[in-house]
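Peer 1: To start, I am sharing the structure in question, which I have written as structure tokens.
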């Protein structure tokens, strides 16, 4: 029997999505794994959760069972200190940081686990940080010859000092409509379509409420497609392209992703998508991703253009990633991810 320490919740805006992903995993994980659920509250407290509520998008509550991480590297054991002072130890083989957004998939928790020499599922510090920061994703991938949209970066600390200058440079460089988004947020938080110049300052302010910097780029009239990747017995396996039919918004926002009905079209039926698996694999390896990821593209007349990379995609029942592999059940997708990570631990 193998033991999996499942980290979920976290301090980001995607706390409830992580909770839902963890709940789905707990319901479908195979019997070969004993799961140790450790939630992170919105304030950053690590707590041992003997159960996870059946609420789809719940919240990790401080139940008094605080988790103490090992004080020396290589020790795969946590101490659970209960409210009345009693404590007990729990051993594990592998950590699954099923966390979304900042302080979860941006390299921070990965750095802590690396420092403690604790094996974990998913990409390491560099790949996680580079994929989370859309500015550096574009820099790295464009240097590797992967098509990306042109962009303009606005750092939060400079915006209020040079607002008029930024607005002029953006209007000189681009034509409307534009798309404004935080540089380091997920689940489409802080994103806005901008049709006119007058809407631009508000959109930038909105993005900066959700991230340290904002990115402005052309708003393409082009479908977005998704490619999920998973390492299977040492071989990177790409799913077919997925297109998501949704209604009620101009883009695949939080409501469409998690609240409203959607339809997955697999495979996506668009021209100019030849070679998508090679491009997605190149992105995966250029950033040094591990175990699993999702790559998002726009389909243009000249071919695929990279949008974003997600090193910790949602694993809810409604999420794109587990739905992408039509020949695999949800439990098989999870087992493949875990087997890939566990094999690397045993080497």
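Including glycine, each Cβ sits where the backbone N, Cα and C put it.
Pasting the relevant annotations from Swiss-Prot:
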- 138-339: domain 'ATP-grasp' (DOMAIN)
- 171-226: ATP binding site (BINDING)
- 296, 308: Mg(2+) 1 binding site (BINDING)
- 308, 310: Mg(2+) 2 binding site (BINDING)
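Map these features onto the structure and tell me what's around them.
Peer 2: DSSP gives residue 220 (ATP binding site) a coil state; it is part of no helix or strand.
Annotation note: residue 296 (Mg(2+) 1 binding site) sits in a strand segment as assigned by DSSP.
The number of other Cβ atoms within 10 Å of the Cβ belonging to residue 310 (Mg(2+) 2 binding site), over all protein chains shown, comes to 22.
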Peer 1: Looking only at Cβ atoms, how many others are within 10 Å of the one on residue 178 (ATP binding site)?
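Peer 2: Its Cβ shell of radius 10 Å holds 22 other Cβ atoms.
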Peer 1: Near residue 220 (ATP binding site), which residues of its chain come within a Cβ-Cβ distance under 8 Å, counting only those 6 or more away in sequence?
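Peer 2: Within the chain, residue 220 (ATP binding site) has Cβ neighbours under 8 Å at 149, 179, 298, 300, 305.
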Peer 1: Find the shortest Cα-Cα separation between residue 171 (ATP binding site) and the binding-site residues 296, 308, 310, and name the residue that gives it.
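Peer 2: Nearest in space to residue 171 (ATP binding site), counting only the binding-site residues, is 308.
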Peer 1: Sorted by position, what residues of the same chain at least six away from residue 213 (ATP binding site) have a C-beta under 8 A from it?
Peer 2: 135, 153, 154, 155, 156, 182, 183, 184
Peer 1: Relative to the Cβ of residue 192 (ATP binding site), which residues of the same chain, six or more apart in sequence, are found under 8 Å away?
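Peer 2: In sequence order, the residues whose Cβ lies under 8 Å from that of residue 192 (ATP binding site) (at least 6 apart) are 179, 180, 181, 199, 202, 203, 206, 207.
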